[in-house]
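J.: What Swiss-Prot shows for this protein is this:
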{"type": "MOD_RES", "residues": "SER5", "note": "phosphoserine"}
{"type": "TRANSMEM", "residues": "24-44", "note": "transmembrane segment"}
{"type": "TRANSMEM", "residues": "77-97", "note": "transmembrane segment"}
{"type": "CROSSLNK", "residues": "LYS144", "note": "SUMO cross-link"}
{"type": "TRANSMEM", "residues": "156-176", "note": "transmembrane segment"}
{"type": "TRANSMEM", "residues": "208-228", "note": "transmembrane segment"}
{"type": "CROSSLNK", "residues": "LYS237", "note": "SUMO cross-link"}
{"type": "REGION", "residues": "244-382", "note": "region 'Interaction with NOV'"}
{"type": "MOD_RES", "residues": "TYR247", "note": "phosphotyrosine"}
{"type": "MOD_RES", "residues": "SER257", "note": "phosphoserine"}
{"type": "MOD_RES", "residues": "SER262", "note": "phosphoserine"}
{"type": "REGION", "residues": "264-382", "note": "region 'Interaction with UBQLN4'"}
{"type": "MOD_RES", "residues": "CYS271", "note": "S-nitrosocysteine"}
{"type": "MOD_RES", "residues": "SER314", "note": "phosphoserine"}
{"type": "COMPBIAS", "residues": "317-332", "note": "compositional bias 'Polar residues'"}
{"type": "MOD_RES", "residues": "SER325", "note": "phosphoserine"}
{"type": "MOD_RES", "residues": "SER328", "note": "phosphoserine"}
{"type": "MOD_RES", "residues": "SER365", "note": "phosphoserine"}
{"type": "MOD_RES", "residues": "SER368", "note": "phosphoserine"}
{"type": "MOD_RES", "residues": "SER369", "note": "phosphoserine"}
{"type": "MOD_RES", "residues": "SER373", "note": "phosphoserine"}
Amino acid sequence: MGDWSALGKLLDKVQAYSTAGGKVWLSVLFIFRILLLGTAVESAWGDEQSAFRCNTQQPGCENVCYDKSFPISHVRFWVLQIIFVSVPTLLYLAHVFYVMRKEEKLNKKEEELKVAQTDGANVDMHLKQIEIKKFKYGIEEHGKVKMRGGLLRTYIISILFKSVFEVAFLLIQWYIYGFSLSAVYTCKRDPCPHQVDCFLSRPTEKTIFIIFMLVVSLVSLALNIIELFYVFFKGIKDRVKGKSDLYHATTGPLSPSKDRGSPTYAYFNGCSSPTAPLSPMSPPGYKLVTGDRNNSSCRNYNKQASEQNWANYSAEQNRMGQAGSTISNSHAQPFDFPDDAQNSKKLAAGHELQPLAIVDQRPSSRASSRASSRPRPDDLEI
């Protein structure tokens with residue numbers, strides 16, 4: 001049992017660097033395998049070969065029949081299984097010790113650099129490199145080791161190898177023994193003179209232990225699979241969380257500016273247009289700053305604009321040599337705007353605006369009255 005205690009001490013150190021599933025797996029390994037194998041199973045198989053009897057007196061026949069029936073003892077087979085299953089965990093523990101050794105070296109170097117920094121040396125870049133190496137090895141504050149990077153890969157590989165060894169030993173056991181023992185074995189092998197019957201002691205008790213160890217192996221395999229999925233999804237979650245933290249650290253929260261929005265429009269003459277629709281992208285509560293259309297300045301502005309438009313139109317007709325053409329009523333309509341509510345109602349009711357009469361304000365003279373019948377080049381034909 002001295003060898004079992006040494007293995008137990010090594011596996012006990014893995015507890016501090018394992019996940020919850022790994023700790024449960026180690027508990028199953030200690031209690032239901034190592035402890036049970038060292039107490040009950042060895043005593044059940046203690047008289048295995050001495051109690052194996054065959055119905056022959058031929059020397060050496062019992063030995064060859066026992067070797068054919070049991071190529072390897074169940075106890076030794078389970079010991080090999082425990083050792084092979086524990087080796088990946090011990091390799092992971094060796095990696096943890098390597099990381100801890102690296103931590104000691106980095107801490108010692110960091111202390112030396114801090115002493116040099118107090119003396120005025122510029123060692124900020126070297127300290128930053130040490131922090132990066134600690135993060136790479138998974139070393140956190142207070143000497144705590146976190147599974148990331150190479151340490152996480154080693155842990156996943158150890159779980160995979162443990163699962164492979166569990167399946168391999170279960171298949172080997174099924175191929176060699178099966179999962180039950182019979183009371184009588186027939187043997188026909190030299191130097192036995194003929195086919196002989198051999199008898200096994202306590203086959204029922206041994207069958208119970210075989211089934212129990214089979215169940216423990218299946219439970220350990222299930223724990224390995226669950227732990228593998230747990231580590232896989234936890235790694236994805238940590239990676240997504242790390243990217244999210246990096247994104248929030250590099251880009252601050254975007255808050256909409258109060259100054260943003262639709263541009264403001266203003267009529268500098270203080271008069272509003274006939275229709276001033278709001279912008280389709282204007283925010284709620286947004287209103288155009290418009291002037292009062294009933295204001296006298298607005299009415300004067302509309303009249304002046306109408307007169308100017310009419311004068312421009314007449315000048316254009318004269319330049320084109322169409323001064324003698326008849327102006328239609330539609331062209332002669334002034335550009336007038338309703339200046340009060342009553343005119344607006346008339347427009348809505350369908351009243352048309354009358355054309356402005358062209359009044360010649362020049363005083364009539366005798367010559368003009370005499371020559372009124374003669375056309376002048378600047379007169380308009382009516």
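Note that Cβ sites are derived from N, Cα and C of the backbone, with glycine treated the same way.
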J.: C-alpha of SER314 (phosphoserine) to C-alpha of LYS237 (SUMO cross-link): distance in Å?
T.: 81
J.: When the pLDDT values for the region 'Interaction with UBQLN4' (264-382) are averaged, what is the result?
T.: 51
J.: Please give the sequence-distant neighbours of the transmembrane segment (77-97): residues at least 6 beyond its ends with Cβ less than 8 Å from one of its Cβ atoms.
T.: 7, 10-11, 13-14, 17, 26, 29, 33-34, 37, 41, 145, 150-151, 154-155, 157-159, 161-162, 165-166, 169, 172-173, 176, 213, 217, 220
J.: For LYS237 (SUMO cross-link), what is the secondary structure by DSSP, using just helix, strand and coil?
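T.: Its secondary structure by DSSP: helix.
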J.: Counting other Cβ atoms within 10 Å of each residue's Cβ, which of the recorded positions LYS237, SER314 comes out lowest?
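T.: Checked LYS237, SER314; of these recorded positions, fewest Cβ neighbours within 10 Å: LYS237.
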